[in-house]
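A.B. asks: Structure incoming, see below.
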Amino acid sequence: MNTFFLSLLSGAAAGTSTDLVFFPIDTIKTRLQAKGGFFANGGYKGIYRGLGSAVVASAPGASLFFISYDYMKVKSRPYISKLYSQGSEQLIDTTTHMLSSSIGEICACLVRVPAEVVKQRTQVHSTNSSWQTLQSILRNDNKEGLRKNLYRGWSTTIMREIPFTCIQFPLYEYLKKTWAKANGQSQVEPWKGAICGSIAGGIAAATTTPLDFLKTRLMLNKTTASLGSVIIRIYREEGPAVFFSGVGPRTMWISAGGAIFLGMYETVHSLLSKSFPTAGEMRA
C-alpha cells in the first residue's frame with residue numbers, strides 16, 4: 001500500500017464515522033442558525049434529514065483533505081525551513097501545518113460545499129429528502145446556473161475553513177508533539193491523539209462560529225447575495241448576538257467530533273502503517 005491510499009483510507013474512515021455519529025447535533029446547529037430560528041425550521045423533528053448527502057460526501061471529502069494535508073506537510077517543510085532558517089522549530093512546524101491544512105481544506109471543499117448545500121437545505125425543509133433537494137438544485141429553477149447553485153457559499157466556506165483549520169491543526173499537532181515529548185515518545189497513542197483533536201477542535205469551533213453562521217445563511221439563500229449585504233441585513237434585523245447562534249452545539253459537536261475524526265484517523269493510520277511499514281513514510 002502506498003502513502004496515497006494510506007491517507008485516503010484513513011481519511012475516509014475518519015470522515016464517515018464522525019458524520020454518522022454527530023449528524024443530529026449538526027442538524028440542531030443548522031436550524032438554530034437558519035432564519036426564523038430552531039422551531040420554525042423543524043425543531044427536533046427529522047434530525048437525520050439530509051444524512052444521505054453527508055454520508056456520500058464525507059469519505060471523499062475527508063480523504064481529499066488528508067491526502068493533500070499529508071502530502072503538503074512533507075513537500076512544503078524543506079522550503080519553509082529555508083524561508084525561516086533563523087526561526088525556531090516551533091515556528092517552522094506551525095507554518096507548515098497552517099499551509100498544509102489550508103491547502104487540504106480548499107481541496108476538500110470541492111466535494112464538501114455541494115454536499116453542504118444539499119444537506120443544510122434538507123435539514124430545514126421538512127418535506128424534502130436529500131435526493132429531492134438535489135433534484136431541485138439541478139433543475140436550476142432560479143436560472144442562476146448549476147455551478148452557482150451547487151457552490152453557493154463557496155467563498156464564505158473557505159473563509160470559515162481556513163481560519164478554523166489554521167487554529168485546529170497547528171494546535172492539534174503541537175499538543176501531540178508536546179504530550180509525546182513529555183512521555184519520552186516519538187508519537188502519541190491514537191487515544192491521546194483523539195484527546196488532542198477534541199481540545200483543538202473545540203477551541204477552533206467556538207472561535208469561528210460567526211463565520212459558520214454566515215456560511216449557513218448564504219447556503220440557505222435561494223438566490224445569490226453578497227456577503228456584505230447579508231451581514232448588514234442580519235445585523236439590522238436580528239442584532240449582533242445572532243452571529244453566535246449555534247455556538248454551543250457547534251463547539252460540542254466539533255470538540256467531540258474532533259476526538260472521533262482525528263482519533264479514527266490516527267488509529268487507522270497506525271494500524272495500516274504497522275501492517276504495511278512502507279506506507280508510513282509520508283508522516284511528518
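Cβ atoms are placed via backbone N, Cα and C, with glycine included.
Annotations for this protein, taken from Swiss-Prot, read as follows:
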REPEAT    2-75  repeat 'Solcar 1'
TRANSMEM  5-25  transmembrane segment
TRANSMEM  50-70  transmembrane segment
REPEAT    92-178  repeat 'Solcar 2'
TRANSMEM  98-118  transmembrane segment
TRANSMEM  153-169  transmembrane segment
REPEAT    192-271  repeat 'Solcar 3'
TRANSMEM  194-214  transmembrane segment
TRANSMEM  252-272  transmembrane segment
A.B. asks: With a Cβ cut-off under 8 Å, give me the same-chain residues at least six positions beyond the ends of the transmembrane segment (98-118) that come close to it.
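C.D. replies: Beyond its ends, the transmembrane segment (98-118) has Cβ neighbours at 50, 53-54, 56-58, 60-62, 64-70, 72-73, 76, 80, 130, 133-134, 137, 149-154, 157-158, 161-162, 164-166, 168-170, 219.
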A.B. asks: DSSP says what for the repeat 'Solcar 3' (192-271): how many helix, strand, coil residues?
C.D. replies: 70 helix, 0 strand, 10 coil
A.B. asks: Who are the chain neighbours of the transmembrane segment (153-169) in space, where the CB to CB distance is under 8 Å and they lie at least 6 residues beyond its ends?
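C.D. replies: Distal contacts: 69, 97-98, 100-102, 104-106, 108-109, 112-113, 116-117, 200-201, 203-205, 207-208, 211-212, 214-215, 218-219, 227, 258.
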A.B. asks: Averaged over the repeat 'Solcar 2' (92-178), what pLDDT does the prediction give?
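C.D. replies: Value for the repeat 'Solcar 2' (92-178), mean pLDDT as a whole number: 85.
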A.B. asks: What does DSSP give as the helix, strand and coil breakdown of the repeat 'Solcar 2' (92-178)?
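C.D. replies: Across the repeat 'Solcar 2' (92-178), DSSP assigns the residues as follows: 72 helix, 0 strand, 15 coil.
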